[in-house]
Amino acid sequence: MSTLIDAPPAVRLTGITKRYPGVVANSDINLSVRRATVHALVGENGAGKSTLMKTLFGLHQPDEGTIEIDGQARTFASPADAIAAGIGMVHQHFMLADNLTVWENVVLGAEPTSSGRLDGARARRDIEAIAQRYGLGVDPRALVEELGVGARQRVEIIKVLYRGARILILDEPTAVLVPQEVDELFGNLADLKAEGLTIIFISHKLDEVRAIADEITVIRRGTTVGTADPRQVTNRQLAEMMVGSALPVPELRESTVTDREVLRLRGVRVAGVGRDVLSDIDLSIRAGEVVGIAGVEGNGQAELVDAIMGLEPVADGAVELAGRDVTRLSTLRRREAGVGFIPEDRHRQGLLLEATLWENRCLGFQTRRPAARGMFLDRAAARADTRRIVEQFDVRTPGIDVLAAALSGGNQQKLIVGREMSGDPALLIASHPTRGVDVGAQAAIWDQLRNARAAGLAVLLISADLEELIGMSDTLRVILRGRIGPPLDPRTVTPESLGVAMTGGHEAGGPDLPDTAGTDRPEQPGQAGVVGSADRVAESDLGTAGGSLSARKVTE
Amino acid sequence: MKALSGRRVLLGAAGPVGALIFSAIVSAIILVLTRHNPFEAFGAMGQAFSRPRVLVGTVNQVSSYYLAAVAVAIGFKMNLLNIGVDGQYRLAAMLSAALAGASFMQGIPSVVRILMTIVAAMLIGAAWAGIAVWLKISRGVSEVISTIMLNAIATAVIAYLLSPGRLAVQQGNNLGTRPITDGGMVPTIPIPKSITPLYTLLLLALLVGVLYAFLLSRTVFGFKIKATGLNPAAAVASGISVKRMAVAGMLLSGAVAGLVGMPELLNGPSHQYSINFPSGFAFTGIAIALLGRNHPVGMAFAALLWSALDSSANALQGVGVPNQLVVIMQGTIVLSVVVAYEIVRRYRVVLEQRDVARALAQSRKEPVAA
C-alpha cells in the first residue's frame, strides 16, 4: 500500500512500561504503526489498551520506554505536546456541548481570532474545507443537539483534524454506532487513510477490526503479544490471542430431556404501547431441557422474560409452572415456587452494587432459607451459604464482606449464577448469562448450566451469541416481532440459517434451513429494501457469533 | 476482613469529622473578618458546658432531634423523602395532648394513660404521612411535594382546632390544649444545680434507636428497605413490591415522627400543646439524618452535636459574638458533610476494587505460566 517502504513508522513505541501503585498497567509494550494505515489495537477489557493510548496522548508519562513519531523520539508532558506532534484522540464518549453549533464545538479551545475577536467566518470556512477534503459531511452551522450519533462522531473527528492531527486515535469508535453508521465511519476512515493520515483503531469487535484494519496488534495483560494480518486471521484465532488460551466451546453432551413439563406458556399476549409486544406465545420447557431463544434484540425477549417472572402483566393466556397456573402470582411467589433468574443487565436487576456479597446472596431469597428465618435475617446462615457459592462457583474475591461493586463482571455474574441456582430451582431463566464476562467465567457458567441441566433443571436461555445458543440448547426457538417460531433442532441449524430466521428473511439464506421459515409469520418481507437490510443485520449478527466471544468479555 | 471493617469505621468517621473541622475553620474566618476573636468565641462555647443547666438542656434536646432524625432516615434509606415530619409531629403532639388532657382520662391509671398518649401520637403521625404515600401510590404524586404541602395544611388544621371552644383553653396570652394532670405526665429526674430536670423520655429515643438498628440489620423488612433504596429495579426483580415498601416505610416514618413531640409534651414544663410548642425539629432532623448517614449510632452523635451547638449559642453573646454564628456552623457542617460523604463513598469503592484486584493478582500468578 505505502510506496515509502523505508519511511519510518508514524508511531513507534518501544518497551513502554507504566506502573500504578500495586499494579503494572503496561509492561514492555512494543507497537509500530506504518504511515497511512489503519492499525487496530485489540485486547480484553483491562488489558491495558487505554493506559497505552493515554501514554501516547500525553495524559501521563511512561515509567520506561520511548515514543517515536515519524522516526523522532518524543516525550509528551501533556496532551498539548501530543497535539503539537500531530496526534489527535477521539474519545469513546463524545465531548461536545449540545447547545453549541458544530463549528463552535470544533473551535472550542482553539478559536481563530482576528484582531482579538472570534473569527467565525474563518472557522466555518476551515471546517468546511476539512469536511470537504475528507468527506466528513456535516453542516458547521447545525446545533450539535440536533445531530445523530454518527454525525457527532464526525464532529469529533473534525475537531482533531482542525487541530492539525495526522495520527488519529479512535477509542472504541463503533461502540455507540448502529451498523449503517459503522459503514459510514469506515468509509470516512478509508478517505482519511487515502489522504495520508494514520489511524489507531481500538476495538474489541473482531469482525469490524478485520474489516477495517491493515494490521492488528494484540495486547494481553498489559503487554503486546503479537501482530496479526487481518486478511488471514480468524475471529477465533484473534480471540485466543487476546485471552492467551483456547476458548471454551459451548456444547452439550447426551440429551437429558425428560417428559416432565416444567414451564408452559399458553397463548400469552403482552400489551405494549399501541401494539402487542408479545402475541400468541406457546412455549414449553421440560425438566433437563435447555430452550434457547434466538432473536435480534428488541423482538420481545425482554418482555418474554418479564412475563415469566411476573414483572409484566400478561394480557391474555396463561403461564404454568409444573402444571400450576401462576399467571396471577407475584414475582416473589414465582421465585418461591422455584424460578431462578439471571437478568440481562446484572447491575440493573441482579445486584446491590453497594452492598456486601452476602447481602447480595439474600436478594431474591429474602423470604426463604438460608437468608431468612421467619421475619428475621439469618446472617450466619446467609454468610455460610455465600461462602459455599464463592467456593463452588469459583467467585474470585478476598471475602464475602466486600462490596459487590468491587468484583469484576465475571465474578459478579458467577455470584448471581450461584445464587439463582441455590435452593433447588425448577426453572432457570438465563438472560445473556455470559454477556460481558471473561472466558474463564464463561466456561465456568457453561459448566454450571450443563450440571444443572443434568440434574433436571429446565432452562430458558436467551442470548445474542449464536454459538452459545446453538451449542447450549436442546431446542431452539426464534422470536421475531413478538411472535415465537416453531422448535428447531440445534444440531441441524447453522449460525447462518439461524441469522436468516432471526431477521425474518427468505429461506434464500441456505438449504440447511429445515423448518425455520415461520409459517405463522404474517408479513414475509417481500420488499427488496427490507430483505436487503435484513441480510445486513443477519450478517452482522453472524459476525457476532464468533466475534462476540471477545465482545462479551470486553463490554464489561 | 478485620482490617477491612476497621477501615470502614475510619472512613465512616472521616466525613463528619472533616466537615466539623472545615466548619470550624469557616466560622473562624468569619469571626476574624467581623473583628471577633475566634478563640474567645469557641472558648465561650466550650465554657458553657461547665454549667449543669446547659448540659441537661443539651441532653433533653437530643431526644426530639434523634427521633426526628430516625423518622427521616427510615424514608431516606429507601429514597423516600419524608419532608413532612414537621407536620406529622406537630399534629400528633397537638391531638395526643388534647387526648391526654381530656377530663375522661383522669381516672385511668397513669401507665395506661401515658401509653395511650404515645400510641395515639404514633397513629396520628402515621395517618398524616399515610395521606402522602396514598397520593404517591394512587396518583403518582411526589412525596416531596405532598409532604411539604401537608406541613402547611397541618399548620392550618392546628390553628383551626387550637381555639377556645374546640380543643384549646385560653390562659392569659397563651392558647393551648387542656393541661395534662400529673398522672398523665412522665416523671423527670431532678438534677442538682439545674432548674431543668432530666427528661426521662430520652429512654424512648434510645429504644427507638435500638429498634431501628435491629430492624435494619436483622430483619427481612430492613433488608427489603435497604434493597429498595439501593436498587429499586433489582428489588422488583427479586420479588420485593416497591409500592408496598413505600407504604410501609412511610407509615413507619410517620409513626416515629409522631413521637418527636412526646419528650417536650410529657416531660416538659408546660403540660400542654400550646402556640408556644417548639416547632422545626423536623428540619433539624433532616440535617441530623444527613450528618449521621441514617446510621443509628451516627445519628445519635449528630443529634448530640447539634443539640450541643444549640445550647452553646447563648454563651456567645457573653463575649459579644452574635449567636447566629452557631447557625452558620450548622449550615456549613451540613453542606460540607454532603460533599465529604460523596468523596469518601467513591474513595471507598475504588479502595475496595484495588484491594480485590491485588488479592486476586497474588493468587493468579501461578496458573498464568501456561
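These residue numbers are counts, starting from 1, taken along the chain as shown.
Keep in mind that glycine also has a Cβ here, set from the backbone N, Cα and C atoms.
Straight from TrEMBL, the features:
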TRANSMEM  B:9-34  transmembrane segment
TRANSMEM  B:54-76  transmembrane segment
TRANSMEM  B:88-108  transmembrane segment
TRANSMEM  B:114-137  transmembrane segment
TRANSMEM  B:144-162  transmembrane segment
TRANSMEM  B:198-216  transmembrane segment
TRANSMEM  B:245-263  transmembrane segment
TRANSMEM  B:275-292  transmembrane segment
TRANSMEM  B:299-319  transmembrane segment
TRANSMEM  B:325-344  transmembrane segment
Contact yes or no, the transmembrane segment (B:299-319) and the transmembrane segment (B:88-108), 3+ Cβ pairs under 8 Å, gap 6+: no
Remote residues contacting the transmembrane segment (B:325-344) - C-beta distance under 8 A, at least 6 residues beyond either end: 11-12, 14-16, 18-20, 22-24, 26-27, 30-31, 41, 45, 287, 290-291, 293, 306, 309-310, 312-313, 316
For the transmembrane segment (B:9-34), sequence-distant contacts whose Cβ falls under 8 Å of one of its Cβ atoms, 6 or more beyond its ends: 41-42, 291-293, 295, 298, 301-302, 305, 321, 325, 328-330, 332-333, 336-337, 340-341, 343-344, 347-348
Interface present between the transmembrane segment (B:144-162) and the transmembrane segment (B:54-76) (three or more C-beta pairs under 8 A): no
Stretch contact, the transmembrane segment (B:144-162) with the transmembrane segment (B:245-263), Cβ-Cβ under 8 Å, 3+ pairs: no
The transmembrane segment (B:88-108) in contact with the transmembrane segment (B:275-292), cutoff 8 A, at least 3 CB pairs, sep 6+: yes
Recorded stretch that, among B:198-216, B:245-263, B:275-292, has the most CB pairs under 8 Å to the transmembrane segment (B:114-137): B:245-263
Tertiary contacts of the transmembrane segment (B:198-216), as residues 6+ beyond its ends and Cβ separation under 8 Å: 56, 59-60, 62-64, 66-67, 70, 73-74, 77, 118, 186-191, 222, 225-226, 256, 259, 262-263, 266-268, 296-297, 299-300
Surrounding residues of the transmembrane segment (B:275-292) on its own chain - C-beta under 8 Å, 6+ positions past either end: 16, 19, 64-73, 76, 83-90, 93-94, 162, 174-176, 257, 260-261, 264-265, 298-303, 305-306, 330, 333-334, 337-338
